[in-house]
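Lifted from TrEMBL, the feature list:
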ACT_SITE  Cys229  active site, nucleophile
BINDING   Cys118, Cys119, Cys201, Cys204  [4Fe-4S] cluster binding site
DOMAIN    33-207  domain 'Phosphoadenosine phosphosulphate reductase'
Amino acid sequence: MKPSIVEILQPRLAALDLDHRLKLAREVIPGRMVFTTSFGIEDQLVTHSIFTQGLEIDVVTIDTGRLFEETVELWERTEARYARHIRPVYPQPEPLADFVAEHGINAFYRSVEHRKACCEIRKVEPLGRLLAGASAWVTGLRADQSQAREGVRLAELDAARKLVKLNPLADYTREIIVEKIEEFSVPVNALHAKGFLSIGCAPCTRALEPGESERAGRWWWEEDQKKECGLHVGPDGRLTRGSAPEGER
Ligand code: SF4
């Protein structure tokens with residue numbers, strides 16, 4: 001049986017640094033490649049690598065309508081730094097308006113179901129539209145970010161979306177990323193200096209308390225095992241949650 005592109009890429013990517021991983025993937029995978037940034041520190045390093053190498057990878061972001069002002073400000077600084085614009089994708093206005101009209105503007109605090117419904121409308125559906133027809137999706141996921149991400153590999157098959165998912169920072173630690181960010185003077189979110197490590201929508205993200213895990217500030221009012229928004233799907237088509245596959249960025 002012919003090895004799949006993922007089987008070919010995985011060992012080759014493992015021996016390379018971020019720049020060469022992205023370059024190799026672009027050479028090997030035909031078709032449209034999409035990188036989705038939420039302007040976190042990992043995503044900023046990937047954006048830096050794509051833009052400085054001039055790789056033919058679309059850099060896009062999901063504007064949920066509930067982003068922090070600091071994130072929007074970083075978006076603008078990033079565009080200025082690299083002299084490139086980042087394409088946004090927005091939620092469909094009618095389903096979003098219907099949801100807010102029926103459940104309220106901050107319904108996500110009421111139950112996991114309301115929160116997942118909001119994530120579905122504001123994130124998952126727009127992601128599906130922007131990945132439609134793409135052959136590869138590049139993310140800034142790291143395996144050591146949380147238990148739910150332990151299984152993240154450099155190259156995976158996203159069976160549900162029928163594309164290759166590339167996580168070129170899968171084996172990087174936050175310390176290495178911070179080092180690279182400083183070395184290349186990559187712009188970062190002002191919220192990181194205020195105790196926010198993982199940054200998502202403003203009403204669903206808080207600063208970390210000392211000793212808390214990296215993603216403890218996301219949907220902090222929920223139990224850990226329910227903290228997923230549905231963007232990441234495992235090889236079996238189920239949502240990636242490490243040891244308990246089910247339902248996140
Ligand atoms: S993170 Fe919060 S505001 Fe953003 S889409 Fe999910 S529930 Fe809605």
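Glycine residues also receive a Cβ, built from the backbone N, Cα and C atoms like all the rest.
A map of TrEMBL features onto the structure.
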residue	record	Cβ contacts under 8 Å, 6 or more apart
Cys118	[4Fe-4S] cluster binding site	Phe99, Ala107, Phe108
Cys201	[4Fe-4S] cluster binding site	Thr64, Arg66, Leu67, Phe68, Arg122
Cys204	[4Fe-4S] cluster binding site	Arg66, Phe108, Arg115, Arg218, Trp219
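In the structure as shown, the Cβ atom of Cys119 ([4Fe-4S] cluster binding site) sits within 10 Å of 24 other Cβ atoms. This prediction places the mean pLDDT of the domain 'Phosphoadenosine phosphosulphate reductase' (33-207) at 95. Annotation note: Cys201 ([4Fe-4S] cluster binding site) sits in a strand segment as assigned by DSSP.
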